[in-house]
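Enquirer: Let me begin by handing over the structure; questions about it come next.
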Amino acid sequence: MDDDTPKRDDGTRQVNHSDTDDVASTEDDSSSAVSGGNTTSGEPVSEDAKPEEELDGEGSPTDENPATDDDEPVTAEDIDIRESIGPSGSTDGETDDDSSTDVSLDEVVLDDGSSDSRGLFDDLLSGEPIFENKEVLRPSYTPHELPHRTEQINQMATILVSALRGETPSNILIYGKTGTGKTASAKFVSQELESTSQKYDVPCEVEYINCEVTDTQYRVLAQLANKFIEKNFDVIENELDRLEDLRTRARDTPDLLADTSFDSLDAVEERIEQLEADCEEMETVPMTGWPTDRVYSTFFDAVDYNERVVVIMLDEIDKLVEKSGDDTLYNLSRMNSELSNSRISIMGISNDLKFTDFLDPRVKSSLGEEEIVFPPYDANQLRDILQHRADVAFKSGALTEDVIPLCAAFAAQEHGDARRALDLLRTAGELAERGQADTVEEAHVRQAQDKIELDRVVEVVRTLPTQSKIVLFAIILLEKNGVRNINTGEVFNIYKRLCEEIDADILTQRRVTDLISELDMLGIVNAVVVSKGRYGRTKEISLSVPIDETEAVLLSDSRLGDIENAQPFVQARFDN
């Protein structure tokens with residue numbers, strides 16, 4: 001048989017990578033030998049078996065003991081391709097800096113398979129997780145049990161139980177500071193109410209509206225209308241399926257109608273046509289564009305389409321009144337006198353105990369039929385709440401003993417804010433997890449406290465009115481230029497210059513003093529009234545927040561973006 005293998009000029013056989021493929025493909029055929037292959041015993045490899053890249057620059061073999069063409073042929077079974085062929089085609093133990101960069105597919109696969117590559121998130125996932133279920137520490141979570149709120153929950157249940165009898169419950173106003181369990185308790189009672197209504201087949205529904213987001217009469221009515229329209233569509237669709245099935249069966253067995261409210265197939269057909277027409281008439285409300293009276297009419301028709309008792313929960317109700325007045329509450333509280341099939345009760349939740357002072361007397365009397373106050377938690381109660389949530393949120397043994405008491409102590413200083421305590425515990429866990437720590441420790445809680453405090457400051461400063469931001473920036477400029485024990489007059493002088501820089505209205509000094517007091521209440525500045533003897537009294541003012549971060553937030557406001565131009569003027573003022 002003729003040998004078509006390519007030969008070099010010296011007559012020796014040239015082996016390419018394709019030769020190794022041929023060897024692999026004839027592994028079971030011992031009669032097909034490749035001349036010049038290496039052996040598995042580790043003996044020197046013959047020159048014939050070396051790829052062309054193994055030769056030196058003059059073409060001479062690099063092996064000091066080259067084999068001749070008369071060497072005994074080696075079969076495919078004796079060749080271990082993985083060991084003899086490297087990334088550049090060289091044999092094991094040999095390297096060649098001048099070797100060709102051409103790499104065959106087989107070599108790439110073999111090389112890739114032998115490496116243990118790690119992705120971006122592999123190291124982050126390598127450690128043991130600290131959390132079992134982090135969601136139970138978030139404000140949106142409604143627990144199955146609310147420690148230290150049994151009295152308030154029972155009060156709500158006593159008022160709302162009339163809905164399960166088909167009666168209209170009294171309207172409820174719930175008061176309490178942030179983090180006292182108002183919303184969580186109200187949602188818990190609402191879930192129990194809806195669950196019990198399904199158990200006894202009583203049509204009772206609860207609709208939740210966050211008035212901090214949905215803060216106008218149009219948006220509140222539109223959101224409620226669309227929710228009830230969607231529910232009406234579901235009811236109509238189910239009824240149409242039932243009636244169409246009844247119509248089909250009644251055509252073959254007319255006696256089926258005897259046990260229904262229909263006396264004929266025509267009556268069934270008429271009801272089906274009526275439901276289809278109702279579907280066509282129902283139109284969802286766009287979030288803008290309709291007259292308010294049309295939105296109200298659509299909501300009225302949607303809620304009164306079926307017989308039901310509806311509890312409308314308005315969280316942060318004071319934000320709605322502050323933004324849009326009490327028209328929404330007036331309309332909702334007066335609807336029952338006009339509704340035919342349904343009944344409406346309002347449950348308002350507020351952080352501001354005085355917001356009803358701004359209501360119309362008629363609205364106030366109808367809305368505040370029942371009032372429930374949620375007092376702040378103390379440190380021991382906060383500890384119970386945190387322990388209850390931590391048992392579900394964290395892996396066993398993930399918290400050191402001092403973590404929960406420290407979180408409770410920090411939150412107790414913030415008027416017993418359970419939400420703050422839960423945020424603190426969750427953030428401490430996240431910081432520990434990011435640091436790949438095995439447990440959450442006291443140091444993580446203190447880091448979390450600093451982080452949350454800074455985040456709170458940033459959010460408070462970001463949402464300040466423009467005039468308050470200018471006053472605050474005046475205080476920052478004074479402190480940055482070395483002024484201590486800043487008084488109201490100095491703040492007012494810089495404030496006026498800043499207003500001129502950005503073409504803003506200049507308030508009176510009395511009003512600026514009021515704005516300083518508001519900043520003091522928010523914890524952004526510390527303003528202490530001091531007596532100057534016969535010169536009267538003034539406020540000595542100092543910042544209570546990080547100056548650089550606060551300044552950055554202020555300058556991110558587009559209105560105050562050019563306010564930095566005033567700094568050279570302030571500097572010059574203190575240099576003189």
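Numbering starts at 1 and runs along the chain as it is shown here.
Each residue, glycine too, has its Cβ placed from N, Cα and C.
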Enquirer: Of the residue ranges 166-225, 226-285, which one carries the coiled coil annotation in TrEMBL?
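Expert: Result: 226-285 is the stretch TrEMBL calls coiled coil.
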Enquirer: Per DSSP, to which secondary structure element type does Gly181 (ATP binding site) belong, with helix, strand and coil as the options?
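Expert: Looking at the DSSP assignment, Gly181 (ATP binding site) belongs to neither helix nor strand, so coil.
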Enquirer: Taking the Cβ of Arg389 (ATP binding site) as the reference point, list residues of the same chain whose Cβ is under 8 angstroms away and which are at least six residues distant in sequence.
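Expert: Listed in sequence order, they are Val136, Leu137, Pro143, Leu422, Leu425.
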Enquirer: Determine the Cβ neighbour count for Thr180 (ATP binding site): the number of other Cβ atoms within 10 Å of its Cβ.
Expert: 25
Enquirer: Give the helix, strand or coil assignment DSSP yields for Arg389 (ATP binding site).
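Expert: Reduced to three states, the DSSP call for Arg389 (ATP binding site) is helix.
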Enquirer: Listed ATP-binding residues Thr180, Gly181, Lys182, Thr183, Ala184, Tyr377, Arg389 - what's their greatest C-alpha to C-alpha distance in Å?
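Expert: Spelled out: the longest distance between any two Cα atoms in Thr180, Gly181, Lys182, Thr183, Ala184, Tyr377, Arg389 is 17 Å.
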Enquirer: Taking every residue in the domain 'Cdc6 C-terminal' (472-554), what is their average pLDDT?
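Expert: Its mean pLDDT is 88.
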Enquirer: So for Gly181 (ATP binding site), how many other CB atoms are inside 10 Å of its CB?
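Expert: The answer is 26.
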